[in-house]
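What follows is one structure encoded as structure tokens, with my remarks underneath.
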Amino acid sequence: MKIPEFKEYYQQLISTSSISSTDSSWDEGNAKVIHKLAQWCEDLGCEVEIEEIEKGKLNLLAKLGSGEGGLLLAGHTDTVPYDQGRWNYDPHTLTEANDRFYGLGTADMKGFFAFILEAIKNINWKDQSKPLYILATCDEETTMLGARHFASNTSIQPDYCIIGEPTNLMPIRGHKGHVANAVRVTGKSGHSSNPAYGVNALEIMNEIMFALMNLKNKLVKEYHNPGFSIPYPTLNLGHIHGGDSPNRICGCCELHYDVRPLPGISLDGLDNMLRDALKDVEEKWPGRIEITPLHEPIPGYECSADSPIVTSVAEICGQEVETVNYCTEAPFLQDLCPTLVLGPGSIEQAHQPDEFLAFSFIDPTINILSKLMYKHCF
């Protein structure tokens, strides 16, 4: 049996397309890449479980060693779609140029699994006392289906978890959540010369937007976490469309907005705040306002600054532990054990044409993962 080299792992991960999308014409599942990972993990001595959550949507859990506790290294195997016309390189070919690996998933984040496998190869596991787990999930880029399902159904109880999203190898112990809703107003169209014959959806939406802006100001005043660069929840009105002509009363209008709650603000609590903000408008215009989520809400996440994993990882990386404003699978895996986000590459490369991972991350990442394995599995 020939164990692949690091670059070969990377090449095969990138060349095996695993796009997830809410657009069915793009969505292709992750089965092929999961089965590749399964074979590699088995070749390195791991026990492997694969679970199909929905058709073509798979989670993998690999286990090396036995005992209680241990370390969970986690990541997602799906990528976003891409615009071929904006890429200078083939998204599904690992291209070496400018001291970088180019390709879809090099940074976000299929490439992380190549680092895990390479670190495993570099360690003598003879005196291992606690298990190492590897979790590879599906659909992080859309619904976070894989992480949600795993956290709700697994029986494993690791001591700590590291999620390998691109953080420039800076440890992350917290991030905000994300809630996005559509508000649809149905009015009654008519000729603009006689407003009494219609119900203007744009005018109702104006009342809704005013109420949401009041809530935005309330969130800024009432919630504060100094651990974040933007220390309050944000509310953004991101998209609006309504009407079709200046001489027609607008019959329909739709607004999309998002909220990024701080850790500690429950999703139910936030939903109640949003509904309370619009209560008066809904009572004034019964049956004309419909609110629907644009995706499953993601809660905020925070690992205690006093957790031993925070101190351990900060020492190994030689960097202070920070917080960020984007989302990961951490809120779900944090339910299992203290969880940090730490991985090679920059979040600025995520979802971008010519996504890349700089070669300068290779040796430090393998070194950090090896040290984490030694510290928490021996």
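For all residues, glycine too, the Cβ spot is worked out from N, Cα and C.
Straight from Swiss-Prot, the features:
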BINDING   His76, Asp108, Glu165  Zn(2+) 1 binding site
ACT_SITE  Asp78  active site
BINDING   Asp108, Glu141, His351  Zn(2+) 2 binding site
ACT_SITE  Glu140  active site
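Swiss-Prot feature annotations superimposed on the structure.
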residue : record                : DSSP class
His76   : Zn(2+) 1 binding site : strand
Asp108  : Zn(2+) 1 binding site : coil
Glu140  : active site           : coil
Glu165  : Zn(2+) 1 binding site : coil
His351  : Zn(2+) 2 binding site : coil
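Excluding His76, Asp108, Glu165, which define the Zn(2+) 1 site, the same chain contributes Gly75, Met109, Phe112, Glu140, Glu141, Ile163, Gly164, Pro166, Thr328, Gly343, Ala350 within 8 Å (Cβ to the Cβ centroid), listed in sequence order.
Packing around Asp108 (Zn(2+) 1 binding site) is summarised by its Cβ count: 27 other Cβ atoms lie within 10 angstroms of its Cβ, all protein chains included. The separation of Asp78 (active site) from Glu140 (active site), Cα to Cα, is 7 Å. Taking the centroid of the Cβ atoms of Asp108, Glu141, His351 as the Zn(2+) 2 site, the other same-chain residues with Cβ within 8 Å of it are Thr79, Val80, Met109, Ala350. Cβ neighbours within 10 Å of His351 (Zn(2+) 2 binding site), excluding its own Cβ and spanning all shown chains: 15. Sequence-distant contacts of Glu165 (Zn(2+) 1 binding site), defined as residues of its own chain at least six apart whose C-beta falls under 8 angstroms from its C-beta, comprise Gly75, Asp108, Met109, Phe112, Thr328, Val341, Gly343, Ile347.
In this view, the densest Cβ surroundings among the recorded positions Glu140, Glu141 belong to Glu140, judged by other Cβ atoms lying within 10 Å. Counting only the Cα atoms, the space from His351 (Zn(2+) 2 binding site) to Asp78 (active site) is about 12 angstrom.
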